[in-house]
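Okay, structure first, notes after.
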Amino acid sequence: MEKHAIFQEVSQLLVQLFELSPEDITPESRLYEDLELDSIDAVDMVVHLQKKTGRKIKPEAFKSVRTVQDVVDAVEQLFKEQPSTEPSLKDQ
């Protein structure tokens with residue numbers, strides 16, 4: 001899956017889960033400072049990403065995530081590390 005498609009899906013997830021404005025979400029947006037997410041929001045996001053990707057996300061994979069682009073990169077890495085026939089982000 002391409003990074004642009006992953007970014008679109010992550011952005012859509014952030015809008016749906018946290019009622020953020022799509023205009024506020026850029027690759028450089030910091031999750032905690034700019035988008036005002038907290039640690040519980042971050043866990044909620046990871047749970048939803050696991051459901052959308054059909055892949056297990058290890059907590060350490062998201063420990064250093066600070067920006068939307070970091071999330072995109074982590075999801076892209078999941079697809080590289082865990083190739084499968086399970087649904088992609090778009091299939092959910």
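Placement of Cβ uses the backbone N, Cα and C atoms for every residue, glycine included.
For 4-79, the entry in TrEMBL reads domain 'Carrier'.
Residues or ranges marked as O-(pantetheine 4'-phosphoryl)serine by TrEMBL: S39. A C-beta separation below 8 Å, combined with a sequence spacing of at least six in one chain, links S39 (O-(pantetheine 4'-phosphoryl)serine) to none of the other residues.
Across the domain 'Carrier' (4-79), the DSSP tally of helix, strand and coil residues reads 49 helix, 2 strand, 25 coil.
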